[in-house]
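According to Swiss-Prot, the features are:
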type    : residues           : note
BINDING : C21, C24, C39, C42 : Zn(2+) binding site
Amino acid sequence: MGHANIWYSHPRKYGQGSRSCRACSNRHGLIRKYGLNICRQCFREYANDIGFKKLD
């Protein structure tokens, strides 16, 4: 049983390890509200494309 078989063999059905950004696959700073599932860095990049408007 080599390293490749053991690495990431634990089931990830819930928790922080089960979710990732849909744009960059990052697991930190996820925005899950409204089903976005996008990290905060990508949200800043794609906010206008998604339809979020910045109010002054």
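Cβ atoms here come from the backbone N, Cα and C positions, even for glycine.
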Checklist outcome for this item: Excluding its own, the Cβ atoms lying within 10 Å of the Cβ of C42 (Zn(2+) binding site) add up to 18
Checklist entry - Quick one: what's DSSP say for C21 (Zn(2+) binding site), helix, strand or coil? => result coil
Checklist entry - With the Zn(2+) site defined by C21, C24, C39, C42, which remaining residues of that chain have Cβ atoms positioned within 8 Å of the Cβ centroid? => result S20, R22, A23, S25, N26, G29, L30, I38, R40, Q41, F43
Item to check | Of C21, C24, C39 (the binding-site residues), the residue whose Cβ has the fewest other Cβ atoms within 10 Å | outcome: C24
Checklist entry - What kind of secondary structure is C42 (Zn(2+) binding site) part of, going by DSSP in three states? => result helix
